[in-house]
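First comes the structure, then the notes that go with it.
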Amino acid sequence: MAIPSLKQWQRNILFAFHNDCSPSCNTPRARTLLASHIIQKHIHMDTGTHIKGPTIVWFRKSLRLHDNPTLQRAVQLASELFPLFILDPYYINPDKIGFQRFRFMLECMKDLDHSLRKYQSKLLVIYGEPVNVLENCCKTWKCSYLCFEKDSDIYSRNRDEKVLQRMKGLGVQCFVESGHTLYDLDMLVAKLNGNSPPTQMTSFLKFIEQIGPPPKPIETVRNIPPLRKELLSSISISKVPEIEEIPGYELITEPTPCPFQGGESKALERMQQALNREQGKWIVRFSKPHTSPVSLDPPSTTVLSPYIKCGALSVRLFFWELKRVEDSFSVKTKPPVSLIGQLYWREHFYLLGYTIPHFDQIQGNPLCKTIPWEHRQEWFQAWEQAQTGYPFIDAAMTQLKQWGWLHHLTRHVVACFLTRGDLWISWEKGKETFEKYLIDGDWSINAANWMWLSCSAFFTRYFRVYSPIAFPKKYDPHGNYIRYFLPVLRNMPNKYIYEPWKAPLKVQKEVNCILGKDYPLPIVDHEEMKKRNIQKMIQVFQNKS
DNA sequence: ATACCCGTTGCGCGT
DNA sequence: GACGCGCAACGGGTA
Ligand SMILES: Cc1cc2nc3c(=O)[nH]c(=O)nc-3n(C[C@H](O)[C@H](O)[C@H](O)COP(=O)(O)OP(=O)(O)OC[C@H]3O[C@@H](n4cnc5c(N)ncnc54)[C@H](O)[C@@H]3O)c2cc1C
């Protein structure tokens, strides 16, 4: 297949756009509603006062039909519905979004498209700067309404602000619905009564206890109106692209297949499997700190994070399904270690990301301790490129790129190693790497956890340092995890699998792995760096108090 | 004001 | 697959 260049691709899309959307359609339009205003209430709001009109539902996250308040709102308003996804050039860039992350998102889009087609509709996919794309679409389709889900990260909030401005000018009324979090974040902010948000889990739990449980999921939307014929039959404008068709990704070949496929149907299936595991006992015994970082088939946690991140799975649905299972048992684990507890961690970090300025960086972030990290490019590269000489670290960084998902404790070990444990490099750098490669890469959660691990916020006991040797050895004495991701070490004897530099040359030759040639020597001495860095931490904490 | 409690997930050693 | 201690002493919340 011929791969179009970025320019060609844009041209094709614009061409298709003009051909498919002749302004001859004669649909009702609420011309009286000139002022665009945001309605931030949840779904039960009365739409009876609004005349039906052509409506765009702009999908960004929430790539699902179930429990989707934004879609429900759009369907209520629509005389004609345009399900739209915009491929924003800001994101569509292999330096920002890695192969697996982008692949996963495209699979979610394809699944959504597939579901929409059952209603004679489909996902309209357009490449371009969102504000301009939306303006074009609204003009061409003579839209009265635009519906999208509330987003909380900085880029999205700025983008959405610009969109609202532009739509106001066009007289298109916008509806912004909460849906990505358990609770509407603005409702939580209001409940703070001007107090700063909780920074500890125990305080957060008290805070939401007084609010009560999150809303129950709403009915899956089933009355999606058909898409107008010209658009439905057009191939060029609408097709969810293959990853090879995207400029910049065409030459990247998938290293190994990632075991996780995107999409709402896979998400629901995966959730069901988790709920049914050991007839629910797996759920009620779940205790996060006791799950194993090295189990791969199946992993010891749900791996619902990439689905939740894309909104292929609703957190409220997951919450209430967990609640249902828990209610049928008398003995169960509790937050923060339980699975519901994990959803509370997410909510907690979302609220912080929403309210704390510059949450994703050190500068200007009132929660983040300023630690004098020192950037060493060769060390950073060794970490990122799985060349540290510590097999567990390198195996983990290989898994990050191949699968786009790591167990929580594996994230701990590599994050600790990069920052306070060994390399003394800023968590901001590590966060960027994670953001790029993780299929569940999430602005708030990623930043919060990096601050946690680096003792920059929330957690301060800096003498608790993960050993890249002792920690994984507890779970995996034979190093099977390492052997799986680092084939070069596959035949290393158990005795040396975590510390191959200790293998005598004779052994190295026998197993065809010469240190410094086939596999790197360790870039630092962990014991030495740990001692030195704890001393640095003592300095930092003394100077501050 | 001050002391004390306790926090999802450390290590290495001793018992 | 248990637990207690030193490590050297964080910090928000509560009494
Ligand atoms: C340095 C670092 C970076 C991280 N970056 C991300 C990220 O970009 N995106 C992300 O989703 N998670 C991130 N996490 C949190 C956590 O590691 C993952 O959410 C979890 O491993 C996902 O696997 P799971 O779905 O099997 O989790 P489960 O244990 O099955 O938990 C269920 C859900 O709860 C939520 N959750 C679980 N753990 C956390 C947590 N610690 N904080 C907030 N929410 C949580 C997730 O949505 C997850 O899908 C990071 C952790 C660390 C230490």
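Cβ atoms are placed via backbone N, Cα and C, with glycine included.
A TrEMBL annotation is a machine prediction, not a hand-curated record.
What TrEMBL says about this one:
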type	residues	note
BINDING	A:301-305, A:342-349, A:440-442	FAD binding site
DOMAIN	A:53-182	domain 'Photolyase/cryptochrome alpha/beta'
SITE	A:Trp373	site 'Electron transfer via tryptophanyl radical'
SITE	A:Trp427	site 'Electron transfer via tryptophanyl radical'
SITE	A:Trp450	site 'Electron transfer via tryptophanyl radical'
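For A:Leu343 (FAD binding site), the nearest of the recorded sites A:Trp373, A:Trp427, A:Trp450 in terms of C-alpha separation is A:Trp450. Closest to A:Phe349 (FAD binding site) by Cα-Cα distance, out of the recorded sites A:Trp373, A:Trp427, A:Trp450, is A:Trp450.
Calculated from their C-alpha atoms, the gap between A:Glu347 (FAD binding site) and A:Trp450 (site 'Electron transfer via tryptophanyl radical') amounts to 16 Å. Mean model confidence for the domain 'Photolyase/cryptochrome alpha/beta' (A:53-182) is a pLDDT of 97.
Counting residue by residue with DSSP, the domain 'Photolyase/cryptochrome alpha/beta' (A:53-182) contains 57 helix, 31 strand, 42 coil.
DSSP assigns A:Gly441 (FAD binding site) to coil, not to a helix or a strand. Cα distances from A:Thr301 (FAD binding site) to the recorded sites A:Trp373, A:Trp427, A:Trp450 are smallest for A:Trp450. Nearest neighbour of A:Gly441 (FAD binding site) by Cα distance, taken over the recorded sites A:Trp373, A:Trp427, A:Trp450: A:Trp450. With respect to ligand 1, the recorded positions A:Val303, A:Ser305, A:Glu347, A:Trp373, A:Trp427, A:Gly441 contribute A:Val303, A:Ser305, A:Gly441 as residues with a C-beta closer than 6 angstroms to one of its atoms, given in sequence order. The shortest Cα-Cα distance between A:Ser305 (FAD binding site) and any of the recorded sites A:Trp373, A:Trp427, A:Trp450 is the one to A:Trp450.
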